[in-house]
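The structure under discussion appears below in the form of structure tokens.
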Amino acid sequence: MREKISIGRYLALLLLMVFLLFPIYWMFVTSFKTNMASYRIPPEWFPKAPTVESYLKIFQERQFVIYYLNNLVVSILSTALTILLAVFAGYTFSRFKFKGNKLLMFALLSTQMFPLIGIIIALYTLFRSLHLLNTTIGLVFGLTSMALPFCIWLIKGFFDDIPYSLEESASIDGCNRLGILFRIVLPLAKPGLLAIGIYTFLLSWDDFVLCLTMVTKDSLRTLSTGIALKYLGEMSYDSATVMTISVIGTVPLFLLFIFFQRYMIQGLTAGGVKG
């Protein structure tokens, strides 16, 4: 009986894995087809005549490179700013028990309950009044505000787990508060820093709604909005080109997953226990 249950579980996991990986496989093989071949019925599960025509076409287009670099710059800046602000805010919530501490943390987390599409008009009005529309820094501020509440809560959980006696010992030895934070606390919270960094980078890299709303200049568009507005037309759809761009766009995410998945899982499971 147990063997039947075990076989059933493996089959269910196998079907789930196929269901999740098939879109990635289809995206990859379609990038090596011609546009005509990508529309053939019945479909070609593997390209009969693989070609790198779409890859050559993409890298010869200056606009794609601009979109890609914009996406990289915005994601890196958003990640750096989020980590910096989350560290100071999370440490404050963890170590300084001021009046209204828990209420303020609850109010901060409650902002995560509202979907972006529900507040995008208010954000647009605010950014317009601050002259932040069509600027890279405005996009960075917007993405940072989206990721910051969760990152503060997560890194606070790591700081809570670090014994305060270590900071007291460092203080006795003459280390000031900033020295304690950067020399004692942050090295011990490295998995948490990597977790919030990866989370923010993924959120910034994949964002569509905020980038589409806050940026209308073609030279400042990111990869997701650039694909939608340049390569996805109402009357025509170059499937092979879009899939090629998608493959190239997933490379940074794939590398992050390969090299930092252990820290990401450790950060999300360990940091959120006490937070």
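Including glycine, each Cβ sits where the backbone N, Cα and C put it.
The domain 'ABC transmembrane type-1' annotation in TrEMBL covers 68-260.
Per TrEMBL, the feature transmembrane segment maps to 7-28 (among others).
Remote same-chain partners of the transmembrane segment (65-91), defined as residues 6 or more beyond its termini with a Cβ less than 8 Å from a stretch Cβ, comprise 59, 136, 139-141, 143-144, 147-148, 151-156, 158-159, 181, 185-186, 193, 196-197, 200-201, 204-205, 211, 219-224, 226-227, 248-249, 252. The feature transmembrane segment is assigned by TrEMBL to 65-91 (among others).
Residues or ranges marked as transmembrane segment by TrEMBL: 103-127 (among others). With a cut-off of 8 Å between Cβ atoms, the residues of this chain six or more beyond the transmembrane segment (103-127) that come close are 93, 133, 138, 142, 146, 149-150, 152-153, 156, 209-210, 213-214.
The transmembrane segment annotation in TrEMBL covers 139-159 (among others). Same-chain residues lying 6+ beyond the ends of the transmembrane segment (139-159) with a Cβ under 8 Å from its Cβ atoms: 74-75, 77-78, 81-83, 85-87, 89-91, 93-95, 105, 108-109, 111-112, 116, 123, 127, 132, 185, 188-189, 191-193, 195-196, 199-200, 203-204, 207, 210-211, 214-215, 220, 222, 267-268, 270-275.
Proximity of distant same-chain residues to the transmembrane segment (180-202), defined by a Cβ-Cβ separation under 8 Å and at least 6 residues beyond the stretch ends, is recorded for 75-76, 78-79, 82-83, 86-87, 91, 143-144, 147, 150-151, 154-155, 157-159, 162, 166-167, 170-171, 252-253, 256, 260, 263-264, 266-268, 270-271. Taken from TrEMBL, the feature transmembrane segment applies to 180-202 (among others).
Residues or ranges marked as transmembrane segment by TrEMBL: 240-260 (among others). Residues of the same chain lying 6 or more positions beyond the ends of the transmembrane segment (240-260) and with a Cβ under 8 Å from any Cβ of it are 26-28, 30-31, 33-35, 37-38, 53-55, 57-58, 64, 68, 71-72, 194, 198, 201-202, 205, 223-224, 227, 231-232.
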